[in-house]
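Have a look at the structure below before the remarks.
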Amino acid sequence: MERITVTLGERSYPITIAAGLFNEPASFLPLKSGEQVMLVTNETLAPLYLDKVRGVLEQAGVIVDSVILPDGEKYKSLTVLDTVFTALLQKPHGRDTTLVALGGGVIGDLTGFAAASYQRGVRFIQVPTTLLSQVDSSVGGKTAVNHPLGKNMIGAFYQPASVVVDLDCLQTLPARELASGLAEVIKYGIILDGEFFTWLEENLDALLRLDGPAMAYCIRRCCELKAEVVAADERETGLRALLNLGHTFGHAIEAEMGYGNWLHGEAVAAGMVMAARTSERLEQFSSADTQRIIALLERAGLPVNGPREMSAEAYLPHMLRDKKVLAGEMRLVLPLALGKSEVRGGVPHDVVLSAIADCQQA
């Protein structure tokens, strides 16, 4: 069992990583006997895990209600969020309740925002079931729903009480979702840890076949890197923005193509190549390192080009609504070397458009 602490003073919390955690009531600390829980999951995961998690919580004396939401990025919306509020009010649940997010990034983000908002804030626990959510979205307290004009535009910084990563969940993960999660894994190597990037080049095949020790190390290292960044910059005023490598481009793809048509990791993968190409044009990143990124993404089964039906010019309106924009100026996360990156403003639009055009599908 691996345990990592996200250090935020009184709001610090553990990330527990192991196989078989759904069999152990102690995995869901700080829940105690007699407390009330609302389990939030989706219709795909409910048949796989809902009864198991409900059973282990009830074994510990926890009072469990549940709400099952539709599955997909397009349901990460205010309308579906209201479904959670209605379920909480109908039971009813008070300020002493705990929300448990049992699912991937959509469930985690939406449940976290529900917890931040319901009766001005209640406790919640992240139980991520996808690789992407285990290495990224469940850690750090970013919660949100989407708006038709932009991804994650309505949300709050709100930290969980704990994160429970059961490695067994990856056994039921579709191959496309596994690849999507690997995009965020590769991101950490590009922006923060060149040695980890090299490790990924050497061990990607083991990750693709869900080798236990390799996957446990991979998730632990990603969570360590994320925890260090969040502890240093919880509200993304500086260092934490680096975690958005590829996201400014990727969010444009997701919004333009319709949420869910491109998985988040797929869009981020193409976006990371666009960021590398932009950095190349500014003469601060080598084409050889761009090729290493492309090769690793392709081995993971990820796209390295944007959608062919989306012109380079179609990206800009979305990118100019990005949350990193300051005083109307687009700011991009750009790699400087493998393991080193920066947030840069003032990149000429023609440079960005040229990089995007270079990454369009033929």
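Using the three backbone atoms N, Cα and C, a Cβ is placed for every residue, glycine included.
For 71-76, 105-109, 129-130, LYS142, LYS151, 169-172, the entry in Swiss-Prot reads NAD(+) binding site, with the evidence type sequence analysis. What Swiss-Prot records for GLU184, HIS247, HIS264 is Zn(2+) binding site.
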Provide, as an integer number of angstrom, the distance between the C-alpha atoms of HIS264 (Zn(2+) binding site) and GLY108 (NAD(+) binding site).
-> 14
By a simple count, how many Cβ atoms lie within 10 Å of the Cβ of THR130 (NAD(+) binding site), its own Cβ left out?
-> 29
Taking LYS74, HIS247, HIS264 as the binding-site residues to compare, which has the smallest set of other Cβ atoms within 10 Å?
-> LYS74
Cα of GLY105 (NAD(+) binding site) to Cα of GLU184 (Zn(2+) binding site), in Å and rounded, measures 12
Output field, Zn(2+) shell: CB within 8 Å of site CB centroid, site GLU184, HIS247, HIS264 dropped = LEU132, ASP136, ALA183, LYS187, GLY246, GLY250, GLY265, ALA267, VAL268
At the Cα level, what's the spacing in Å between THR172 (NAD(+) binding site) and GLU184 (Zn(2+) binding site), rounded?
-> 19
When you tally the Cβ atoms that lie within 10 Å of each candidate's Cβ, which of the binding-site residues (GLY105, GLY108) has the highest tally?
-> GLY108
The one of ASP71, GLU184 whose CB sees the fewest other CB atoms within 10 Å, among these binding-site residues | ASP71
